[in-house]
């Protein structure tokens, strides 16, 4: 259109020179713009490749997180079994102490009876020699004494048999305890190895995230350059066409309605775990020690319990009325989807903290994040 007008009505010399200069600058700008677009295409492809690598790394991290969770849970179960065996041994020791006391008592009584019988027997011999007329009485006493001796001996044999059986049970429990100790050590070692692998995988994911963000920043910068170039081309086109280009009005952002307050819970919820706290995203990070119990802040039903990218092993509890609580970066999930939990009930254990990272907690109402600290009670 512009070229047709220029052929029909020649421009004044000054305007013609300006037009030629503008066209030259426009061609140069378009060439640069083509170069920028090609660079953006290349970076976009590289970013897609990085995203694929990051997805692969995250998938591996998810598998490792589940393995660590399973291994840590096995260690916890072994600890429970060991505590049960310790209680069994304590009960056996009490039984053995009682039996030993009974055995000592029976042995003492038998010794007294033997001494009395010996004394009585010596006395009967003397009485016979001297012609005592109470020989029958002494004989009956000796017969009774032998009967009581046999009875005591039988009781002692029974107690010894009981102690022998008790010793066999104790030996079996001790062997089982030693086996459990070995199993626990092996499981703890395996958990440590998996934790180390997960830590290394987390580094790979962090590197991929950093690379992805760097590429995103470079693409954003190039797109800004592209926008600047487009603005320059538009400006030059304005000189050539002697037409003004209208700017598009900025869109008006839509407002969001505030969440409704819930007075009977605000400021009274228990903290899910202990440790230093700092804000993170829409929630808070609690730098808890590895294995610390993570507890539900209120009664509700578990609606999610699995790996979630960026949050590790995550458990989400629905409390009704649009309220949900989220607990991330767990080592072990102790509750599953559909389980009802009470306030203060343990739902998981915290994974080992990495730097400022730790157990993640977030509250939502109506699907939107709300200030978690404002709803949690004061820490003592």
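The backbone N, Cα and C atoms fix where each Cβ goes, and this holds for glycine too.
Automatic, uncurated: that is what TrEMBL annotation is.
For 20-38, the entry in TrEMBL reads compositional bias 'Basic and acidic residues'.
Assigned with DSSP, the residues of the domain 'M23ase beta-sheet core' (282-371) fall into helix, strand and coil as follows: 0 helix, 53 strand, 37 coil. Here TrEMBL flags 282-371 as domain 'M23ase beta-sheet core'.
Among the features that TrEMBL reports, region 'Disordered' is placed at 17-38 (among others).
Feature annotation from TrEMBL assigns region 'Disordered' to 180-208 (among others). Counting same-chain residues at least six beyond the ends of the region 'Disordered' (180-208), those with a Cβ under 8 angstroms from any Cβ of the stretch are 50, 53-54, 57-58, 60-61, 64-65, 67-68, 71-72, 74-75, 78-79, 81-82, 85, 352, 354.
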